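*Asks:* Here it is: the structure, laid out below.
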Amino acid sequence: MSLYMLVSTFAVAFIITVIGVPLFIPFLVKLKFGQSIRDEGPKMHEKKSGTPTMGAVVFITAMLISFLIFSFIGGEVSAATWLLFIALALFGALGFLDDYIKVVQKRNLGLTSKQKFLGQVAISILFYLVYHFSDFAETLNIPFTNIEVDLGWFFVIFILFWLVGFSNAVNLTDGLDGLVSGLSVIAFSAFGVIAFYQEQMDVAIFCFAIVGGMLGFLLFNKNPAKIFMGDTGSLALGGSIAAVSILVHQEWLLLLIGIIFVIETASVILQVFYFKATKGKRIFRMTPIHHHFELGGWSEWRVVLTFWGIGLVGAVISVCVVIF
């Protein structure tokens with residue numbers, strides 16, 4: 001029955017997305033909700049200008065429908081269900097607002113950094129409050145051991161850092177056709193298997209709803225992309241994967257399962273610090289680091305496949321660490 005639920009959750013999210021995206025693309029084109037390409041980005045990306053964005057509206061809707069249906073079918077809706085709903089829906093709503101400002105008000109950068117950060121912090125605090133008053137353990141698991149460290153009130157700081165950090169990390173990674181879609185399929189599949197192994201069916205259902213939605217979206221988002229997810233999708237996926245890692249108490253494994261997100265973010269931080277310290281010199285040709293490889297002559301598809309491969313290796317190792 002449990003396996004049937006997971007397959008059904010995956011299938012419903014996949015089917016809704018596959019049907020919904022082709023119907024949504026003409027609607028976005030009619031409204032002129034097209035992607036703006038930043039002037040400082042790689043020149044080869046200029047041809048992407050005008051590609052419909054905010055496609056995440058479809059797959060987030062599909063995921064939530066599938067997730068909530070099978071959560072209710074499975075019995076009592078748990079606190080974990082609502083925590084995951086908060087992460088996906090509210091981070092998605094923040095991203096939607098950011099996208100809306102970009103495409104409708106023609107402000108290429110969307111929300112200001114301060115506005116986006118305050119929104120992320122507010123959502124993370126709400127997540128912590130629900131988590132705290134639901135009597136979840138406020139501990140961190142030490143990798144490769146059975147030791148858990150009780151953080152007490154410092155746990156709220158960790159929640160803020162983790163949710164805000166990974167929502168931004170996935171957002172930074174979303175710069176190539178299909179990159180984040182494929183990495184999300186890999187990462188949430190890994191966490192879905194871990195949650196199933198731990199008998200946390202609510203979390204497993206959530207993960208496989210996302211896998212189904214993302215595989216459906218990838219059909220249209222792979223190179224050359226017919227539609228982009230926008231910040232609506234990247235912020236929602238980043239916040240969600242951080243939330244899942246907390247609920248299965250495998251927070252540090254996210255650094256391995258989401259290794260590409262970590263590398264992309266680290267490349268930006270290193271570039272900024274080095275640029276300031278050397279007054280204008282750079283480590284990479286351009287960051288996030290996927291642009292470094294593009295400017296080095298790699299095709300977009302080659303970069304994406306390589307990064308997917310690295311993400312897959314990290315995910316397989318992580319699942320083996322937990323199960324074996």
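Indices start at 1 and increase along the chain as displayed.
Glycine is no exception: its Cβ is also placed from the backbone N, Cα and C atoms.
When I checked Swiss-Prot for this same protein, it listed these features:
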type	residues	note
TRANSMEM	9-29	transmembrane segment
TRANSMEM	54-74	transmembrane segment
TRANSMEM	77-97	transmembrane segment
TRANSMEM	117-137	transmembrane segment
TRANSMEM	147-167	transmembrane segment
TRANSMEM	176-196	transmembrane segment
TRANSMEM	201-221	transmembrane segment
TRANSMEM	227-247	transmembrane segment
TRANSMEM	253-273	transmembrane segment
TRANSMEM	304-324	transmembrane segment
*Asks:* For the transmembrane segment (147-167), what are the same-chain contacts with Cβ under 8 Å, counting residues 6+ beyond its ends?
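*Replies:* For the transmembrane segment (147-167), the sequence-distant neighbours (Cβ-Cβ under 8 Å, at least 6 residues beyond its ends) are 87, 91, 117, 120-121, 123-125, 127-128, 131-132, 137-141, 234-235, 238-239, 241-243, 245-246, 249, 251, 254, 258, 261, 265.
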*Asks:* Considering only Cβ pairs within less than 8 angstroms, which of the stretches 9-29, 176-196, 201-221, 227-247, 304-324 has the most against the transmembrane segment (253-273)?
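*Replies:* It is 304-324, which has the most Cβ pairs under 8 Å.
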*Asks:* Examine the transmembrane segment (77-97) against the transmembrane segment (201-221) and state whether at least 3 Cβ pairs sit under 8 A, considering only residue pairs 6 or more apart.
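*Replies:* Yes, the stretches contact each other.
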*Asks:* Under 8 Å, at least three CB pairs between the transmembrane segment (9-29) and the transmembrane segment (117-137) (pairs 6 or more apart)?
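*Replies:* They are not in contact.
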*Asks:* Apart from its near flanks, which chain residues at least 6 from the ends of the transmembrane segment (176-196) lie with a Cβ under 8 angstroms of it?
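*Replies:* Tertiary neighbours of the transmembrane segment (176-196) are 2, 6, 170, 203-204, 207-208, 210-211, 214-215, 217-218, 221-225, 229, 233-234, 237, 240-241, 244-245, 247-248, 250, 253, 257-258, 260-261, 290, 294, 300-301, 303-304, 307-308, 311-312, 315-316, 318-319, 322-323.
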*Asks:* If contact means at least 3 Cβ pairs within less than 8 Å, sequence distance 6 or more, would you call the transmembrane segment (117-137) and the transmembrane segment (227-247) in contact?
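*Replies:* In contact, yes.
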